[in-house]
Each structure stands twice: as structure tokens, then as C-alpha cells.
Amino acid sequence: SIMRKRKTTDSSTDLSEGRENLRLKQEVGLISGVSLIAGTMVGSGIFMSPEWVLYHMGSPASSLLIWASCGLLAMFGALSYAELGTIIKESGGEYIYILRIFGPLPAFLFAYTSVILVRPSSLAAVCLSFAEYAVAPFYPGCSSPQMVVKCTAAACILLLTIINCLNVKLVTSIMNIFTAAKLLALLVIAVGGLVLLAKGHTQSLQNGFQNTTAGIAPIGVAFYQGLWSYDGWNNLNYVTEELKKPEVTLPRAVMIAIPLVTCLYLLVNVSYFAAMTPSELLSSGAVAVTWGDKVLGSWAWLMSLFVVLSTFGSSNGTFFSGGRLCYSAAREGHMPDILSMAHVRCLTPSPALIFTSAMSLIMLLSGSFTTIVNFFSFIAWFFYGMTILGLLYLKIKKPELPRSYKVPIIIPLIVLVAAVYLVLAPIIDQPQIEFLYLVLFALSGIIFYFPLVRFKYHPRFLQKITLHLQLFLEVAPTSRNEN
């Protein structure tokens, strides 16, 4: 049932009172919550995806419609998740909602897929984008060596691991600073575009729907590329137990962050079209840098700097929430016990963060940006749809459950229809064998679920390893924050 009893070891005792129970600190307020959402959403996507959205849609006006629709869908999804977060006040996002509503097997499959494949792939992709822009000034006139790029991306992941393991306040401070920097970058591009429009640079937007592509698959793939730029709209639900007054902070942060980012994204895309023709935009390997060359002149280097800051900040937000997913799954017995523990002094889930870091480093060895985006979006929207289905179940079957915020039922219904479309459209129109591989990988989790979770088979050597790691990492089991 939805409100399954929690373990009796949970208590409201804080570490400072000298008891043995540990818990994560509630240090994420409204400003930090807005920064976590906006800071994760604004990453590499808005600087890399516009050309791919235009490529699949064929015209500027239809591209802008996709960007607006993606923002609306992200807003609807986040509002639906806000209600879930006020019903189930636990960290873990989709994982904890699927677990409480549908049971352990589907929740385990989600955690298994996300912790091992989806989250590390997403983090690796953003860190690769960061590295590409960070090393580009050292190789003027030629492409950067892949070894240098990957080593820089690896260094970024290791630095994020250290920061996130040390202190939650340090992480949120970094998020606030980098979010301000990246919003400033988008504001510079938006204002530059408005100036160009005022000067009469409207050629690309005249007959804006000319050459628009019609078809189920192109629209679906265009949505994938656009939604990649909005990914992170659900990140605050991964840290619910670390929010101050989550019943207030969660919906407010969503209502501030997502409309802000959507408006900036639309203005930035208009600015791109004001500065470049569609053909120029399509041929640009880095659309923000090309825009800078055309509009800022000798100050064009600012764009590369802004992209570096943006991708680093987004990596930080992705890492912060991804570690919490791993931590929550381990706390429910769906991952090794060591991953459910927190550092006894820093009060951060350091084992889960270290594991996420290790998996991301492995993902750096292979994969291209576009491929990662498409396959990440496919598997992510399958589980988003499943989570929204859970909310609809609670609204219809469990209306008596206490909740401080309610979303109109039409909103999750729209998100569910969109999720079904995004999952099925590319498969029906242009089936690829890689989608089958993803499904098989997710289902392969059943092999591990029954012996390790269902029948709780824990080899003795694993218990010894856990004990040694616990001593080495200075970590201990935690209790939930009771909101």
C-alpha cells in the first residue's frame, strides 16, 4: 500500500543530540531549490540542442513551438511531481514513488537502470560538453584531442565528487553562484537577440513555417532533443528530505524556476534565428559560440566561458540528485547496504556519490552526445509516465491521503499521453535495435532482483566488504527525516 510502515529504527533524533542515528541535513531552501532546478536544466542543452531541433523540424517557427511545448510539458510534469512530493515526503524521486505505489520489483528495475546506466550516462554527457568547451581555447584552429577532452571530463567528475562529499551547504552555494552565471549568459544572448530584431534582422523568422517536417518520428526525436535541455525539472523531488518545509518549498520552487527557464530558452532561440540563417545554424557545431562570433565580436570568448560555467553547474546539480537516487534505493534494500550510509561528520551520502562517480567515469569511455540524449530520453520518459500513472491512481483511489498541494487531474493526464507518445513514436516510425537493447538491459535486473532482494541472499563475503568499507569511509546507517 502507499503508506507502508517505516522501520522502527527511524526517529526524529538529530546527530547533534548525541544519539546514534544519522540523517541528512535539511539545508535546501527556496532559493537553493530554484537554483537546483534551473541550474540543472540550464546545462549543455540550450547551447547544443537548437540545431538538432531545427534539423528534425525543418523550420524556425516549428522549432520554437517545440521549445515552448517542451517547457509546458516540463511544467506540467513538475507540478504533478510536486503533489507526489507532498504525499510521499521521502527523497528518491521516481524511485520512491514507484516503490510506494507499485511495489518493489518495478522500483528495483528503475533504480537498477537509472543508477547503472541512465544517470551516469547523463552526467558523462554533460561533463564531456564541459570538457569540449574548456579545452577548446588551448587548441585554436583544430579539434581538441579526445584523450585530453576525456581526461578533463574525468577531472570534472572527480572534483564534483569531492565537493559533494564534503558539505551540502558548499554544494548549494556553488549551485546558486553558477545558476546566476548561466542565467546571465542566457540574458546576454536574449538581449542581443532583441537588439538584432529591433535593427530589422527578421529574415529567418519571415515565412517561419516554410519547410516544416511532418511526421510522428521527427517530432518525437525533436522533443527528445528539446526535453534534454529541460531535463532536471524533477530534480528537487530527489532531495525532498533535505528541503526546508517541503510542502511549501517544492511547489513554489517549481513555479518560479521552470517558467523562468522556458521564457529564457524561447528568447535565446529567437536570438539564434535573428543572428543566423537556418542553414548557418544547422552547420554550426557550437551554436552559442557561432552566435558570439557574429554578435559580440572581440568579446565572443565570453560565450565559451559561459558554456563552461553552465555545463559545470549542470553537472553539479545532476551529480547531487543522482547520488540521492542511489542512496534512497540502497536504504530500501535495492542496492548494497554501504550505499545507504552517510559520512559521520559531513552528513553526506558519500558512498552513493562515489559509486555514481565511478559509473560515470566508465561511461566516459564510449558514447556520443546525440545517441546518449535519444536513448536517455526514451528510458526516462517510460518511467516518468509510470510515475504519473501512480499519481493518477492516488488521486482516484486514495483521495483521502493528506496533501498540501493538489494539481488538476487534467495536467497529469496530458503528461501521461505525452510520455506514451514519446516512448512509442520513435519505435513505431523508425525502430532501432538500440531501443531493444535498452529494454533488455532494464529487464535483466530481474535476474538480480529475486535472489538479492526478494529472497535476501547476502553472501558472507559481501558483509565483510561492507564492514571494511564502512570503517574506511567513516560512514554509518541513516534514518529518514520525518517531514
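Keep in mind that glycine also has a Cβ here, set from the backbone N, Cα and C atoms.
Caution: TrEMBL annotation is automatic and unverified by curators.
For 28-49 (among others), the entry in TrEMBL reads transmembrane segment.
According to TrEMBL, the feature transmembrane segment maps to 61-82 (among others).
Feature annotation from TrEMBL assigns transmembrane segment to 94-115 (among others).
Per TrEMBL, transmembrane segment is recorded for 151-171 (among others).
What TrEMBL lists as transmembrane segment is 177-198 (among others).
Away from its own ends, the transmembrane segment (253-275) comes close to residues 30, 33-34, 36-38, 41-42, 46, 50, 60, 63-64, 67-68, 71-72, 74-75, 78-79, 81-82, 183, 186-187, 189-190, 192-194, 196-197, 201-202, 204-205, 229-230, 233, 236, 281, 287, 291, 294-295 of its chain (Cβ-Cβ under 8 Å, at least six residues beyond either end). As annotated by TrEMBL, transmembrane segment applies to 253-275 (among others).
What TrEMBL lists as transmembrane segment is 299-321 (among others).
Among the features that TrEMBL reports, transmembrane segment is placed at 342-366 (among others).
Per TrEMBL, the feature transmembrane segment maps to 372-394 (among others).
Below 8 angstroms of C-beta separation, residues 73, 76-77, 79-80, 82-83, 216-217, 219-221, 223-224, 227, 374, 377-378, 381-382, 384-385, 388-389, 391-392, 395, 435 of the same chain, each at least six residues beyond the ends of the transmembrane segment (406-428), sit close to that stretch. TrEMBL lists 406-428 (among others) with the feature transmembrane segment.
If you look up TrEMBL, you'll see 434-453 (among others) marked as transmembrane segment. Long-range Cβ contacts of the transmembrane segment (434-453) within its own chain (Cβ-Cβ under 8 Å, at least 6 residues beyond either end) map to 104-105, 108-109, 112-113, 117, 333-334, 371, 375, 378-379, 426-427.
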Six or more residues beyond either end and a Cβ under 8 Å away: which residues meet both conditions relative to the transmembrane segment (61-82)?
37, 41, 50, 53-54, 93, 205, 208-209, 212-213, 219, 222-223, 226-227, 229-230, 233-234, 237, 250-251, 254-255, 258-259, 261-262, 265-266, 269-270, 384, 387-388, 391, 405, 407, 411-412, 414-415, 418
Give me the stretch from 94-115, 299-321, 342-366 with the greatest number of Cβ pairs under 8 Å to the transmembrane segment (151-171).
342-366
Stretch among 94-115, 177-198, 299-321 sharing the most Cβ pairs under 8 Å with the transmembrane segment (28-49):
299-321
